[in-house]
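According to Swiss-Prot, the feature region 'Disordered' maps to 1-21. Sequence annotations record features per position, and here Swiss-Prot assigns Ni(2+) binding site to 84, 86, 90, 129 based on sequence analysis. Positions annotated as Fe(2+) binding site by Swiss-Prot: 84, 86, 90, 129.
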């Protein structure tokens, strides 16, 4: 697991590392409500799920083949990479492969989280973010949910959304 500021070079493929060379600490992530853990054993994930009342989960594999071919895969990656927020926490545990979550800091700068097998990321509801795979084009992830599994993305801008407003208030305190 590695965190750093995104280089914002849009001339380079979104699946490239985009490492600006400016690292981000766990403390900086916590200030924006992002939690990150490394759990080599799924039993650790089960304990966290019980503590945080995550009652449902599923698994998703993202590859060109799993998405029904290259064209569908590229369309799906574009959807994931569009900046958005959710009204629920987003919890992802990487079982295999790797991917990137980009989250906005308090100054609206992108922080990139490089996640590999065993890494778990919790994004608070209301945070603007996006996801993409690495250049390996493969990730197998477990999604955890506090209620029924759902994935409703609200594209930016939705600053008047009550979950967004609550999030901004929480990180401004």
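Glycine is no exception: its Cβ is also placed from the backbone N, Cα and C atoms.
Within the same chain, residues at least six positions away from residue 90 (Ni(2+) binding site) with a Cβ under 8 Å of its Cβ are 121, 122, 123, 129. Taking a C-beta cut-off of under 8 angstroms and a sequence separation of 6 or more, residue 86 (Ni(2+) binding site) has the following same-chain neighbours: 123, 125, 151, 152, 153, 154, 163. Listed in sequence order, the residues 85, 123, 127, 128, 130, 153 complete the 8 Å Cβ shell around the Fe(2+) site centroid, once 84, 86, 90, 129 themselves are left out. Counted over every protein chain shown, other Cβ atoms within 10 Å are most numerous around 129 among the binding-site residues 84, 129. Within its own chain, the region 'Disordered' (1-21) is flanked in space by residues 28-29, 36, 38, 77, 81, 100, 102, 109-116, 119, 132-135, 137, which lie at least six positions past its ends and keep a Cβ under 8 Å from the stretch. Residues in the region 'Disordered' (1-21) partition by DSSP class (helix H, G, I; strand E, B; coil) as 0 helix, 8 strand, 13 coil. According to DSSP, residue 86 (Ni(2+) binding site) is assigned to coil rather than to any helix or strand.
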